[in-house]
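Q: Sharing a structure below in structure tokens format, with a few things to ask.
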Amino acid sequence: MLNFLSRKDVRKILKRKDSDAGERGRALENLRASLFNELRSSEGAKRQQQRICGPSVALTFNFLVSIAIILMNKVVLGEVGFNFPICLTFIHYVISWLFMAILNAFSILPASPSTKSRFSTLVALGFVMSFSTGLANVSLKYNSVGFYQMAKIAVTPSIVLAEFILIGKRVSYLKVFTLAVVSVGVAVATVSDLQFHFFGACVALAWIIPSATNKILWSNLQQQENWTALAATSAITHVVLGQFKTCVILLGGFFLFGSNPGVVSICGAITALAGMSVYTYLNALSSQSTQQLKTSPKQSKSKLNKEGDDSDQNKNYGEESV
């Protein structure tokens, strides 16, 4: 038996089997590593997210959860009598963190990218975001759902005005006109609200400033760091969904809490929604033209390179034929 195992051909066979097993083990290890890297990368996590949560599922989930949060907050703060809106905000953030941790555990979220921003900038963004959310819940406690939603719509004109004053950013006259219509509609809807509360109105006005600051800071950091929210949909679809949520929230406040804003307030809300729809359409047109301007030089450059390659090939072909 020992002589048989010590034969040269038998040793070669056993050695080949060991090497084959090692190669299979290395192949499995490489496959496992590649799958892990695929899940942890940004694109891999995006594909995993799209497989699990398609556009229709994401839009439906966003629609239902956003409306449920606002209406349930109003129930807790108004009907139940929970008089701690800041504590309610803390509960929201804790639950959001838990869900994000679960999604991260299942590799649906990508790994956090390296950031070039200073730590103080990120802390300032987190503080402003938390402060605006807390004020929003305080506003929801003292105001009707319709008043609260109209104050949210007033954030967009405030952002445009703040960017014009602080950094000199200009917009077209047509956009200014539409934002003026939005502002008039919001003013009419809020002032003529039959459930107007002076302290609640002051809180809503105070909430607009940190909310606009939050959106400006987030937009700037998103452009600087090339962050992405992994949207499955276009900007127009997302904003149209937001307008639809506003209408449903206003109707929910009327049917669930008996809020009676009045005919004038309803007309103002419709005017504000129409102005926001036109403003969104104009923004979509400008963004599409900007994208076309950015991609056209690349396309022309690639076309020139292709033509140059074709001419080189024709030149080489001519030389070879001669």
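Using N, Cα and C of the backbone, Cβ positions are placed for all residues, glycine too.
Below are the features I grabbed from TrEMBL:
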- 56-76: transmembrane segment (TRANSMEM)
- 59-207: domain 'Sugar phosphate transporter' (DOMAIN)
- 82-107: transmembrane segment (TRANSMEM)
- 119-140: transmembrane segment (TRANSMEM)
- 146-166: transmembrane segment (TRANSMEM)
- 173-192: transmembrane segment (TRANSMEM)
- 198-218: transmembrane segment (TRANSMEM)
- 230-257: transmembrane segment (TRANSMEM)
- 263-282: transmembrane segment (TRANSMEM)
- 288-322: region 'Disordered' (REGION)
- 288-299: compositional bias 'Low complexity' (COMPBIAS)
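Are these features on the surface or tucked inside, and what are their neighbours?
A: Remote same-chain partners of the transmembrane segment (56-76), defined as residues 6 or more beyond its termini with a Cβ less than 8 Å from a stretch Cβ, comprise 82, 88, 92, 137, 140, 145, 148-149, 232-233, 237, 241, 244-245, 248-249, 252-253, 256-257.
The average pLDDT computed for the domain 'Sugar phosphate transporter' (59-207) is 85.
Outside the transmembrane segment (119-140), and at least 6 residues removed from its termini, the chain residues within Cβ reach (under 8 Å) are 70, 73-74, 77, 85-86, 88-89, 92-93, 148, 151-152, 200, 203-204, 206-207, 210-211, 213-214, 217-218, 221.
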Q: Taking contact to mean 3 or more CB pairs closer than 8 A (sequence separation of 6 or more), are the transmembrane segment (263-282) and the transmembrane segment (173-192) in contact?
A: yes
Q: Considering only Cβ pairs under 8 Å, which range in 82-107, 146-166, 198-218 makes the most contacts with the transmembrane segment (173-192)?
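A: It is 146-166, which has the most Cβ pairs under 8 Å.
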Q: Is it possible to list how many residues within the domain 'Sugar phosphate transporter' (59-207) are helical, extended or coil according to DSSP?
A: 118 helix, 0 strand, 31 coil
